[in-house]
């Protein structure tokens with residue numbers, strides 16, 4: 001409760017001004033579950049302009065949705081006016097938002113009962129939709145009619161399965177049936193938003209359970225490049241997914257599991273950044289080489305420790321070896337390298353030009369590369385004079 005105590009002065013101030021105010025959302029859910037608390041959100045009957053008038057230190061981030069960030073005790077908190085939402089457009093966005101003075105009306109519009117629990121500053125729960133019961137049963141249940149909730153916002157179906165992965169809960173029967181029925185609506189949702197949820201699914205503690213739900217609900221068939229992947233997704237559930245330390249590793253392993261032959265095309269379709277695509281593809285290419293040969297100094301140096309560590313963890317998952325001794329060996333081997341990158345070389349192109357008395361040209365870059373490999377392989381010490389002598393001995397000057 002310590003983190004809530006820091007924010008409780010906001011609720012107390014709002015109440016002193018004649019308004020209602022409560023802690024709401026994921027932070028309340030996580031407190032009940034005893035998970036680490038993320039962002040703390042507050043819902044209030046005060047209108048946005050009233051919130052801004054009461055708290056001088058504020059940022060009006062989403063006034064059309066009733067949200068104001070209030071800075072209290074050096075921490076930012078989202079304070080949002082109770083609201084209802086009218087008809088939804090594109091199965092994602094409400095066409096308009098109406099501010100209301102009723103907590104019940106505000107909680108009624110939320111996705112799942114576990115996320116529709118409010119809490120007073122004293123820690124008393126206001127649970128109008130049996131959210132605590134769902135948490136006790138470890139069930140994901142929609143607020144009200146599941147069909148209505150998913151037709152309002154189709155992304156909620158992906159969120160539901162993402163919560164299976166992060167919390168280990170199960171989809172309640174009617175909620176699961178509604179996902180099977182309305183899964184096609186997911187095709188109306190921007191892929192960027194789906195990618196965010198899918199990444200949380202892949203990196204969740206209970207990823208295997210979530211992948212099974214993805215198959216059982218047929219929701220996978222409405223995702224780009226996964227329409228024909230039922231058997232491969234089921235194969236993916238036979239592996240352990242808890243050894244990865246980065247989302248790049250999880251995506252690389254997922255692409256391996258589904259046998260994706262053109263990973264860059266897949267990732268572009270899912271709207272990944274170029275940097276992330278480059279890293280994921282680099283991990284996969286490294287694994288392909290790793291299958292053919294063990295690590296040596298040149299292979300490791302050219303790969304770099306960042307990609308090498310990730311590739312080794314994914315490779316361990318592929319061969320179902322989870323003791324991390326191979327990762328530790330890669331780290332030890334890398335630390336023993338004479339240089340970790342080209343910037344650590346004690347020779348420059350200007351040095352070569354001075355020594356050789358030749359005109360600049362492609363030969364300089366070629367020579368730097370030869371020296372670099374010789375240093376990495378231990379054939380020459382990374383000192384300027386040693387490098388010069390080595391070049392002379394090899395008749396390269």
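Any Cβ shown, glycine's included, is placed from N, Cα and C.
Copied over from Swiss-Prot, here are the features:
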BINDING   26, 29, 110, 153, 156, 159, 162  ATP binding site
BINDING   26, 29, 110, 153, 156, 159, 162  CTP binding site
BINDING   39, 41  Mg(2+) binding site
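Feature map: annotations from Swiss-Prot on the structure.
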residue	record	Cβ contacts under 8 Å, 6 or more apart
26	ATP binding site	38, 39, 41, 115
29	ATP binding site	114, 115, 117, 131, 135
110	ATP binding site	25, 116, 143
156	ATP binding site	111, 112, 142, 149, 150
159	ATP binding site	111, 112, 197
162	ATP binding site	197, 198, 200, 201, 204, 210
Worksheet, complete the sentence: Pairwise CA distances across 26, 29, 110, 153, 156, 159, 162 (listed as binding ATP) top out, in Å, at 21
Worksheet, complete the sentence: Candidates 39, 41, 153 (binding-site residues); min other-Cβ count within 10 Å returns 39
Item to complete: Sort residue 110 (ATP binding site) into helix, strand or coil using the DSSP assignment.
Response: coil
